[in-house]
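Data block below; observations after.
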Amino acid sequence: MVIACADSRVCPSSILGFQPGEAFVVRNVANLVPPHENGPTETNAALEFSVNSLEVENILVVGHSCCGGIHALMSMQDVKNSSGSFIKSWVVVGKDARLRTKSAVSNLDLDQQCRHCEKESINRSLLNLLTYPWIEDRVKRGTLSLHGGYYDFIDCTFEKWTLDCSRHASKVDGEYSVKNREFWS
């Protein structure tokens, strides 16, 4: 399963070379995965179907450079008052990535903060996947792996990593570490 952005510049089948039927693809603004407790959305309905019915063995969340959804998130003045706009109401799902980005790189300009947040939101979405009981169960059993990917369409590179959910993986601030980081150009 691939969760990717709705941006037409980053078609996951083209980037990853999938043929029809090789991947279950869900696309939304900013490739966000809401936590289970947020309630039903098209994204988590697709997660339930792909994991429980199709029994996918891998979920890849793919973010990208120059993401308009992440720019909208990082440009928000008040994340708590996101009503009135469908975009703001959706991208607020990435508020933890925004907070971590602001904490880590607030001294950088907005474009650089957005680039940092584009990757941070992928990791937050990977952690949000673990809030779904059926996903957490399969990850613990070793029948499902969670991966992050970042496509930079400016320099045509792709970065991929795997969330390390092993019992022996170290947790820092409630986060899992990553393993098998790879770069392609």
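Glycine too: its Cβ is placed from the backbone N, Cα and C atoms.
Note that the coordinates shown come from a computational prediction; the quantities given were computed from them, not determined experimentally.
Annotated Zn(2+) binding site per TrEMBL: Cys5, Asp7, His64, Cys67, in sequence order.
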Taking the centre of the Cβ atoms of Cys5, Asp7, His64, Cys67 as the Zn(2+) site, the remaining residues of that chain with Cβ inside 8 Å are Ala4, Ala6, Arg9, Val10, Ala30, Asn31, Gly63, Ser65, Cys66, Gly68, Gly69, Ile70, Glu118, Tyr151
Row His64 (Zn(2+) binding site), column other C-beta within 10 angstroms, all chains, value 24
